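Enquirer: This is the structure, below, for whatever I ask next.
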Amino acid sequence: MNIHEYQGKEILSSFGVRIQRGIVAHNAKEAVDAAKELTALTGTGWHVIKAQVHAGGRGKGGGVKIAKNLKEVEDITGQIIGMDLVTPQTSAEGKRVHQVLIAEDVYYPGANEPEEYYMSVLLNRSTGRNMIMYSTEGGMDIETVAEETPELIFTEEIDPSVGLMPFQARRIAFNLGLSGNAFKEMTKFVMALYTAFDKSDSSLFEINPVLKTSDDKIMAVDAKVTIDDNALFRHKDYAEMRDIREENPVEVEAKRVGLNYVDLDGNVGCMVNGAGLAMATMDLIKQAGGEPANFLDVGGTADAKRVEEALRLILKDDKVKAILINIFGGIVRCDRVAQGIVDACKNMGDAVKVPIIVRLQGTNADIAKEIIDNSGFNFFSATEFQEAADKVQEALK
Ligand code: GDP
Ligand code: MN
């Protein structure tokens, strides 16, 4: 589950990670009140107005702006709220901004220049260990740094039996070129950041930039936080941070009815039981010259109700030109599944506008084929994999 920057910062702060402080606002009036409250708290006169959407690169898209006084806080908030923010990480339509974070300006002048670093915490899947990835090149996209100057990206792997060790935090501060108070601050920052990652059951933290202020404080200016969905049952307070406006509506609906659905860009919808078969089916669609429109695993039950729910989800996508149902009937007998498909289509009537290729294999596959063939619907039946691929190709023509 992804959350907003202001929510990510709340979590970080609760574990003692220093953050750029801010208050969320839903309109210009709230923004001005927030700015006044922050000034009282921090003494800052300037504020940063930051669009809260689930996408990075907001600065580049005009979603992060400096306000030098309350009038500018009001005007800029008015401009940003309600806009469709387009960034390198959104679609061309952008993302509607419903709220902004009014944050203290932390790039104030002082003894030193402020410096920006990059830091993320994530799982290294090849070693099965968490790692901290960091770089002196903060503030820009890390993909560009990785491509142009990979030697400026460092990693520190964490042994799960002992956790992050203080010497590792010191190595990070050293590699970032820090000394004196900034060095101490960075080691504290890194230790707290890792504790927050671990205790919050997050699967990704990306802090870009981590800032060294002109008076040598280290703080998180941005926070991209992804929490492991499977751990939300033990973090009720985080679960409430879900903002479904930011999520794909079809995926939200799928979750509600308990289907495993991921939206993709292609033209062939698929309905499959079992994740492995789903992946093989997506390969099959590609081989037939199509592109999968989704990943959908209906799981162990494929009765009429479930088939109907799945078909309705798939048909919400207008790009879908054909649907491939590929079900292995082991415990669920194929004839039952076939009857389920026919009943679902009867219930849906005109809603089914595209050809459906049905491949049922396993117990009673022959009876199932008869049911499909005699249904009177726009079905193509297949029993073999290749046959199904050919029929998809035909249907797309
Ligand atoms: P992103 O563009 O979505 O990654 O949003 P960030 O939160 O990283 O903000 C974008 C950029 O805004 C940062 O890289 C900073 O350069 C700038 N920025 C953020 N906070 C401040 C601030 O307090 N003062 C100034 N002058 N710039 C800031
Ligand atoms: Mn950022």
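Even glycines carry a Cβ here, placed using N, Cα and C.
Residues annotated as ATP binding site in TrEMBL: Lys50, Gly57, Arg58, Gly59, Val106, Glu116. Residues or ranges marked as Mg(2+) binding site in TrEMBL: Asn208, Asp222. Under the heading substrate binding site, TrEMBL lists Asn273, Gly330, Ile331, Val332. The annotation domain 'ATP-grasp fold succinyl-CoA synthetase-type' is assigned in TrEMBL to 2-210. What TrEMBL records for 271-392 is domain 'ATP-citrate synthase/succinyl-CoA ligase C-terminal'.
Can you tell me where each of these features sits in this structure?
Expert: All protein chains shown were included, and the count of other CB atoms within 10 Å of the CB of Arg58 (ATP binding site) stands at 24.
Annotation for Asn208 (Mg(2+) binding site): same-chain Cβ neighbours under 8 Å, separated by at least 6 residues, are Gly56, Glu116, Tyr118, Met119, Ser120, Gly138, Gly139, Ile142, Asp222, Lys224.
In the three-state DSSP scheme, Asn273 (substrate binding site) falls into the coil class. A 10 Å cutoff on Cβ-Cβ distances gives Asn273 (substrate binding site) a total of 23 other Cβ atoms nearby, all chains included.
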Enquirer: Just the binding-site residues from Gly57, Val106, Asn273, Val332 whose C-beta lies under 6 Å from any atom of ligand 1, please, or none if there are none.
Expert: Gly57, Val106
Enquirer: Neighbourhood of the substrate site (Asn273, Gly330, Ile331, Val332): other residues with Cβ within 8 Å of the Cβ centroid, in order?
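Expert: Going along the sequence, the neighbours come out as Gly300, Ala302, Ile327, Phe328, Gly329, Arg333, Gly362.
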Enquirer: Just checking: which of the binding-site residues Gly57, Asn273, Ile331 have a C-beta under 6 Å from ligand 2?
Expert: none
Enquirer: If you draw a 10 Å sphere on the Cβ of Glu116 (ATP binding site), how many other Cβ atoms land inside?
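Expert: Result for Glu116 (ATP binding site): 18 neighbouring Cβ atoms inside 10 Å.
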Enquirer: Please average pLDDT over the domain 'ATP-citrate synthase/succinyl-CoA ligase C-terminal' (271-392) for the predicted structure.
Expert: 89
Enquirer: Give me the CA-CA distance between Arg58 (ATP binding site) and Asn273 (substrate binding site), in Å, as a whole number.
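Expert: Between the alpha carbons of Arg58 (ATP binding site) and Asn273 (substrate binding site) there are 39 Å.
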